[in-house]
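Undergrad: Quick one: structure below, then a few questions.
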Amino acid sequence: DPRGLYICETGDKKSNLQVHYRMCQNCIEVDAPTISGIVIADVVATLFLAVAVYCITGHDRGHTSRASDRQNLISNELYQ
């Protein structure tokens, strides 16, 4: 238990240090495998979301034609 009053004496100088130490009761120890698991899960979830968005909106699903800004020319000599 590191709590308490620490005194440092050097020659004629005297310094005091009060240490307060509080344990976290709901803390989780995070080590390297835990962090790497979180990062890998985040990357996999992001890729899954990107593929899902691409599959829903990214490619044509057999629509025959779409509206166009071009106008078809009429094959009539009067309008040429």
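Heads up, the Cβ atoms here are built off N, Cα and C, so glycines get one too.
Below are the features listed in TrEMBL for this protein:
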DOMAIN    1-30  domain 'CD3 gamma/delta subunit Ig-like'
TRANSMEM  35-56  transmembrane segment
REGION    60-80  region 'Disordered'
COMPBIAS  60-69  compositional bias 'Basic and acidic residues'
COMPBIAS  70-80  compositional bias 'Polar residues'
Undergrad: Of the residues in the domain 'CD3 gamma/delta subunit Ig-like' (1-30), how many are helix, strand and coil by DSSP?
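TA: With helix first, then strand, then coil, the domain 'CD3 gamma/delta subunit Ig-like' (1-30) has 0 helix, 14 strand, 16 coil.
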Undergrad: In terms of Cβ proximity under 8 Å, which residues at least six beyond the ends of the transmembrane segment (35-56) contact it?
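TA: Distant contacts of the transmembrane segment (35-56): none.
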Undergrad: Mind looking up the mean pLDDT for the domain 'CD3 gamma/delta subunit Ig-like' (1-30) in the predicted model?
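TA: Averaged over the domain 'CD3 gamma/delta subunit Ig-like' (1-30), the predicted model reaches a pLDDT of 82.
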